[in-house]
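Copied from TrEMBL, the annotated features are:
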REPEAT    11-52  repeat 'WD'
REPEAT    55-96  repeat 'WD'
REPEAT    97-138  repeat 'WD'
REPEAT    148-189  repeat 'WD'
REGION    628-656  region 'Disordered'
COMPBIAS  630-642  compositional bias 'Low complexity'
REGION    699-723  region 'Disordered'
COMPBIAS  714-723  compositional bias 'Polar residues'
Amino acid sequence: MVSYVLRNEVEREHRSGVNCMQYDPLMNRLYSGGRDSIVRIWNLNSMNDPYVLSMEHHTDWVNDTVLCCGGRTLISASSDTTVKVWNAHKGFCMSTLRTHKDYVKALAYAKDKEHVASGGLDRQIFLWDVNTLTALTATNNTVTTSSFNGQKDSIYSLAMNPSGTVLISGSTEKVLRVWDPRTCAKIMKLKGHTDNVKSVIVNKDATQVMVVEPTEVHSELQRPRVGCLGPLCQRFIHSVLFRREDCRIFQTDPRFPESSILVCNTDSPVLRMELGADQEELWVATVKSDLKCWDIKESIHRKSGDYETISSGPLLSRPKETIKGGSSIRQLSILNDKRHILTLDSDQNVALWDAVTATQVKDLGKVDFQDEVKKRFKMVYVPNWFTVDLKIGTRQIVFLPGCRPRRSALESQTNQKQRTRSKLIQAGLGLQAASLEPGTLLSFCGQLNKNSFHQNNLPNELWRVGFESLLEHWPNAHSYDPDSVIPRTENGIDTKTDDIKVSFGSSNPSTPPEHRRHDTLIVKGNRYFSMPGHTPVIFGEAGGRTLFRFLCRDAGGESERLLLKDSVPAWVLDVAVDNQVPKFNKITFFLQPYVQPGNKSVKKDKLSANDMLQIKKVQEHVYKNFMGQSDSSISGSSTLSRRSSEPSEKGEEDQTEIAMEKVELLCQDQVLEPNSDLRTVKHFIWKSAADLELHYRSKVQNGTSVNDSDEKSNSSWRTAFSR
């Protein structure tokens, strides 16, 4: 699976719900992990502009985080099946742990031993030594871990006491399992729960455990009885904060669970709570992207006798501080040109995006979404080559498997000289390519001005130019042996960053070694546009598990280059490096003179051509062959396909213009637009699985008609299309 994300260069706000938070009392910072796959750092000393930076490496929801090593290291767990180790102060990912095979839902931290446990939907629990994890690198992340066996269902919650002597896991199995992390042995199983255990906490000496579930529970441990929904937040042993599913947050004494303080009401379901400075502030994250801080100094001074019933009004009416979140995409429409996307976000703003260039075309503001979809409809048919995933709250373009070339249809090996010529021609250096012979030296160094190519003149294979642009900064996509290229400056141009660097060395053994050049062709991306450097690119397995994520501009980095070499699928190399594309699809159809209703039609002959063949090219050949304007015949549908997608000579353009003035084509008695193609006609006008039927006639001029053409020309036309 290959995908990339359409987004702004700097994402300062969460785009969806926030699943987890961690507070650092030493730096007075808050770390928040969101459903938009990003961990963000907030400076609570500067609430006017609290954003510090974004920690981007996950590709799916961030489900849990723990702050370790005195706030220097952050561990995060994600639905992309990975656990990541971050430098919390500088915000970069130090290593990625891929031991889990499914969503990683929960983490637990033993502060005294610097151990972290991770658990998820793969029913596995792993124990990690944080000091060992911080020594790993992105390319050397082999680590030994301890595992806990015996869990029979998906794990949603973990808790570990500070000394690391007890680990407790909660799951959809409706039981609690108690483990000894020192031996990885199961101590006991606590039954009696009637629903999934989604949140659990344990006190310092591991004598008390609190869980949350919809109904009252009993267990063999000394623990409170709680009839509520999680998550919960432990302040101290006799004071616990928890939330109900009706967006209310309570504080209760576990010894007297029938009486509670209604601390505050929220505007949406709560996902996570975190105590802030001096445990007098409560940070609340919900399914919305905002983070809100509530001042709970008054509630902590309540004694057990001061607790009220849950029907009382809230203690707090408004939050003390709010970190505003951004909007998430709620609805989208892929326009039928299969290039542009209309999106509607949670603030009711509509925007138009270009999926090929990964850029926003226009912010349309608060307009009617359905009206915009109808307004931008075009009579053009393009096969689906991508879909859009909105799970992380933004636009993630996912390439469909059907758009890629099958390796069985491609040559397993291509002559390097032919590949070089193809790249040169693509870059507009056809003369140099034509003169390239073995043993000769060709050298070119210069900039290709991509702005001189209009982005609306992209070829029909939109997905192909997209691939080429995604990997334009990866040296392996520039040359066939990038390790042999020595970066240097020629004619004032840095060959590490220029768009084209061509140099071919002699393979003649008689050439002196000092005159041999071993550099190879470098052509970055495609000739039409460059993908924004901040675009995240994701390679994953067929089932969706992420293999590697990187920013487009970082593909040339040392670690990214090595990881890409191992993770890029072979078919992507065929497209981006070897410039190979699948064979064109053929479409069968009938072409015959137009007959007035009631008259007898002529015999049908089945023809075939490239499905992207434009109607104006059919008009041109009808004019040339049926009206006796030229004795030449077309050489086959492949020629037509090439001419329909490449600029023609001036004389051919004039000939096409004349043909469009003289001849018109019809389908279902509807005159066809010259710039439409065969697949568009079949999809929107013919609307049938049967073979397409086209009719031709001359435009009314002095009462003559092309319908009187002789059979000889008709035979020539049929021969040309059937090849």
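Placement of Cβ uses the backbone N, Cα and C atoms for every residue, glycine included.
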Same-chain residue ranges lying at least 6 outside the repeat 'WD' (97-138) that approach it to Cβ under 8 Å | 60, 63-69, 73, 75, 77-79, 81-85, 144-148, 151-164, 167, 169, 171, 179, 181, 184, 545, 559, 563
Per the Cβ under 8 Å criterion, with at least 6 residues separating them from its ends, the repeat 'WD' (148-189) contacts 102, 105-113, 115, 117-127, 195-206, 209, 211, 219-220, 230
The predicted model's mean pLDDT over the repeat 'WD' (11-52) is 94
